[in-house]
């Protein structure tokens, strides 16, 4: 019902002013005053309801408002008209239900875990774990050495290194935020899934966990390993005077070698040798082969990791080998380093005293070298997806190489 029609249908309040009609005129004025009051309240309520609707505009309206006139008769005296605002609930307010829905909670958890997965560079964490097992197995002299204490010793080395790796990934993404928006837009920091503050909190938390856990173990090889890796890769990433070593190709390559060829295998071996198995410090031939293998392989990794990122590195002044030498030249140099690493593996296998170990490790490294060469010829250097896929492929070859190098005796 239209409010204007309701008012205009009443007698005008000052049309009659004498006799008994005077009382009726005043009474009519009073009733119209109350009706106007109801109209004002209803209009105000409608405006407030509209504001609430706008705040929750992303949901379907939960209330339908109906203005209902209840009455009977044809004249004002016979009918006291009452205007009622009636709210009919179609469905409960959806915000709380949406937040507490188990499916939505599960989806949120999955999204966070997926973002954290990409935040932590899982391929390097797998490599660290396999490097720890491979290096620790080199300290095994008899089958009885592989026991519960051996497994605990491996975990003592792996867990803090995984924690420090998450810290280093966080620091790198915090300082490479603008570069990653070009080179790696899928990363959680670059895509906006994680805020800058969230990245800082995660990085600081895992740095504290890493050093705290290592300090509890009391293993000097692991403590030295953590100090070397944390300091070198922090200097690699942070943008302060004399640091940000990723701008200098030779220094960046030294960071890769110092980590994968020296700090990781040597510290894991001596942690198992001296702390877990309680044997004197040493540097056996098998460890020397692993260090040589990882020296060449880490050089290849240092060159190949920047090949897919040339565009962003050029724009932000990162003078990597791929930028300086060109993608094609840098690519084939890194392939040569990988082949040299597998050549070391073949020599290591040939030096083994056990016949079947000699055959298995020698042939295994030869097969890996052949697969690498075949795959390298099919890479399209102009396609960022192709070069990125090749980079992940060489990590998988490294995983296989760790298994083979663990057999060297």
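Including glycine, each Cβ sits where the backbone N, Cα and C put it.
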Task: Of 87-105, 220-238, the range TrEMBL labels transmembrane segment - done: 220-238
Open item on the list: So if I exclude everything within five residues of the ends of the transmembrane segment (355-376), which remaining residues of that chain have a CB under 8 angstroms from its CBs? That is, six or more out.
Closed with: 331-332, 335, 338-339, 342-343, 345-346, 348-349, 390, 393-394, 397, 400-401, 404-405, 407-409
Task: Other parts of the chain folded back onto the transmembrane segment (388-408), taken as Cβ under 8 Å at six or more residues beyond its ends - done: 123-124, 126-127, 130-131, 133-134, 137-138, 285-286, 289-290, 293, 297, 300-301, 304-305, 307-308, 338, 341-342, 345, 348-349, 351-352, 357, 360-361, 364-365, 368, 371-372, 375-376, 379
Open item on the list: Test of understanding: applying the rule of at least three C-beta pairs under 8 Å (pairs 6 or more apart in sequence), is the transmembrane segment (330-348) touching the transmembrane segment (250-270)?
Closed with: no
Task: Contact set, same chain, for the transmembrane segment (330-348): CB under 8 Å, 6 or more residues outside the stretch - done: 286, 289, 292-297, 299-304, 306-307, 321-322, 361-362, 364-366, 368-369, 372-373, 376, 379, 381, 387, 394, 397, 401, 404-405, 408
